[in-house]
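Peer 1: Below is the structure I would like to discuss, written out as structure tokens.
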Amino acid sequence: MSLHLPELPFAKDSLAPHMSADTFDYHHGKHHNAYVVKGNELLADAGIEGTDLEQLVHDTAKIGGALFNNVGQHYNHSFFWNSLSPNGGGAPTGDIAARIDADFGSLDEFKAQFVAGGVSQFGSGWVWLVERDGKLAIEKSANAETPLTSGAKPLVVCDVWEHAYYLDFQNRRPDFLASYIDNLVNWDFANANLAA
Ligand code: MN3
């Protein structure tokens, strides 16, 4: 088995009301698990083994199709759980705070651009804070795609597939994205990725 469903790095009821235990039962327990199960089937069919997830993302991106979609979704979801924290949101600290001020002008401007990026992703996908070419940037990706495969360093991500927010926010994707920045985003994870 190359892919393993990670434990959530927090209690599944600890992000409510911003993200409910019901959402995690479906999103982590069913959606993410399905990508892991299917991804392992397709990796076995393709004769690909390996446990380094970033390497598997790079390798399967060259192949594409259902194989990449399942491996990419496993990577994206694992990154998303780590991008959330019961103590998240609010003003960042450390290097990421200074870099946001330098590259976006202010936390408010960063938030506005992040929400706009997630809202403008048509259909299913993701909105990311990345470091690319030495600058912080907001990038969106469709379906299972990730900026990792085009040379950026992902810092945090928010899932904008409807399954990420429909139980808690119904169709209000803009409110979900604002709540992510205000209440959930894990700045410690962003700082750790920035420093890596
Ligand atoms: Mn999802």
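Backbone N, Cα and C define each Cβ position, glycine as well.
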Peer 1: Please pick, from H18, H27, the residue that TrEMBL records in the Mn(2+) site together with H77, D159, H163.
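Peer 2: For Mn(2+), TrEMBL names H77, D159, H163; of H18, H27, the listed one is H27.
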Peer 1: Cβ within 8 Å of the Mn(2+) site's Cβ centroid: which residues qualify beyond H27, H77, D159, H163?
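Peer 2: For the Mn(2+) site, the extra neighbours are H28, H31, H32, F80, W161, A164.
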Peer 1: Per DSSP, how many helix, strand and coil residues does the domain 'Manganese/iron superoxide dismutase C-terminal' (92-192) have?
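Peer 2: Helix/strand/coil tally for the domain 'Manganese/iron superoxide dismutase C-terminal' (92-192): 55 helix, 24 strand, 22 coil.
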Peer 1: Tell me, if you would, which residue among H27, H77, H163 (binding-site residues) has the fewest other CB atoms within 10 Å in the structure shown?
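Peer 2: Per-residue Cβ counts within 10 Å for the binding-site residues H27, H77, H163 bottom out at H163.
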Peer 1: Using DSSP, what is the helix/strand/coil residue split across the domain 'Manganese/iron superoxide dismutase N-terminal' (4-85)?
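Peer 2: Secondary-structure breakdown of the domain 'Manganese/iron superoxide dismutase N-terminal' (4-85): 53 helix, 1 strand, 28 coil.
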